[in-house]
Amino acid sequence: MRQSRTAAGACSLLLAAACAFADPATAQVAPVATGYVALGDSYSAGVGAGDYLSSGKECKRSARAYPVLWAETHGPSSFTFAACNGARTTDVLADQLGHLGPRTGLVTLTAGGSDSGFGSVMTTCALGGDTRCLSALSGARTAMDGTLAHNLDRLYTAIRERAPAARVVVLGYPHLYHLRGTCRLGLADRDRAAVNDAVDHLNAVIAMSAAGHGFTFADVTAAFAGHEICSASPWLRGVDVLAITESYHPTAPGQSLGYLPALTRAS
C-alpha cells in the first residue's frame, strides 16, 4: 500500500513538473483569425451596382459589391457584410464594430466620403455654379483636415482593439470626373478638376491616418483612370434623378474591375 501511495505521489510530481515547463502556446491555443468583416459606407456596400440583397434593405448592400466578390473567390471561414449606405465614420464606430473579434483575419472599409459631405457638395457643384462649387469644396477640405482626421483616428484605434489579429485594408475613393470627356449634365472643366483635387486630398488624409495605425491603404484612382464620369466607358454613375442616392457611385464594373483588384493586391 505504501509503495502504491509513493508511486502515485511520484506521478503527481512528474505531471506537475510537465505542466510547469509546458510551452504556453500549447497550454492555450489562440483562435485562428480567418474571418472576413467588411465595414464602411456606400462605396463598400455597393450602392450603384444594383442587385441589392433583401436583408438590410436600408443599407443597399449589393451582391456585386467588392466585399461579396472577394469572399466568393477566397472563401474565408466566415464573412460579415456590415457596410451601409450613408455611414459616416461615427456610424461605423457605433454600429458596425460589434462584428469584429479575435477570429477576424481581414477587415476592409471605405470611410470618410460621407463625413466630408461629398453628397451635398456635388449637389452644390451641379446646381450652384462655379463660385458656390469651389466654396463648397473648400469647406469639405477643411472638414477633412479637422473633424475627419480626428474621427478616423478614433475609428482605426477601435478596429485594432476589437480585431487585434486582423489585416486591415482601407480603400480610397476614385476621381469622379474625366477631365477631357463630355457629359450632358457635366461640370465645367475647372469644377471637375477641383472635385478630383478634393478627392485626392480626402485620400491623402485617409492614407496618412491608416498608415499611422499600421493599416494598408489601397488607392483605386489608377484603376478607375479612363472610366470616370464623362469618359467613354464610365464605371461611376453620373447624376441620376430617378435614383439620386446612386449618383456618383461605382457601377458593377467599378466594383469588379476597380475595387476588387485593388483589394486583392492589398490583401
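Using N, Cα and C of the backbone, Cβ positions are placed for all residues, glycine too.
A helical conformation is recorded for Ser42 (active site, nucleophile) in the three-state DSSP classification. The annotation active site, nucleophile is assigned in TrEMBL to Ser42.
His249 (active site) falls outside any helix or strand according to DSSP and counts as coil. Among the features that TrEMBL reports, active site is placed at His249.
When secondary structure is read from DSSP and collapsed to three states, Cys84 (disulfide bond) falls in the coil class. Feature annotation from TrEMBL assigns disulfide bond to Cys59-Cys84 (among others).
Long-range Cβ contacts of Cys133 (disulfide bond) within its own chain (separation 6+, distance under 8 Å): Val121, Thr124, Cys125, Leu187, Asp191, Ala194, Val195. Under the three-state DSSP scheme, Cys133 (disulfide bond) falls in the helix class. Per TrEMBL, the feature disulfide bond maps to Cys125-Cys133 (among others).
Neighbour count (other Cβ atoms within 10 Å of the Cβ, all protein chains): 20 for Cys230 (disulfide bond). Residues or ranges marked as disulfide bond in TrEMBL: Cys183-Cys230 (among others).
Summarising the annotation, TrEMBL assigns domain 'SGNH hydrolase-type esterase' to 38-255.
According to TrEMBL, the signal peptide annotation covers 1-22.
You'll find the Cα of His249 (active site) roughly 8 Å from the Cα of Ser42 (active site, nucleophile). In this view, the densest Cβ surroundings among the disulfide-bonded residues Cys59, Cys84, Cys125, Cys183 belong to Cys125, judged by other Cβ atoms lying within 10 Å. The recorded positions shown are Ser42, Cys59, Cys84; of these, the one with its CA atom nearest the CA of Cys183 (disulfide bond) is Ser42.
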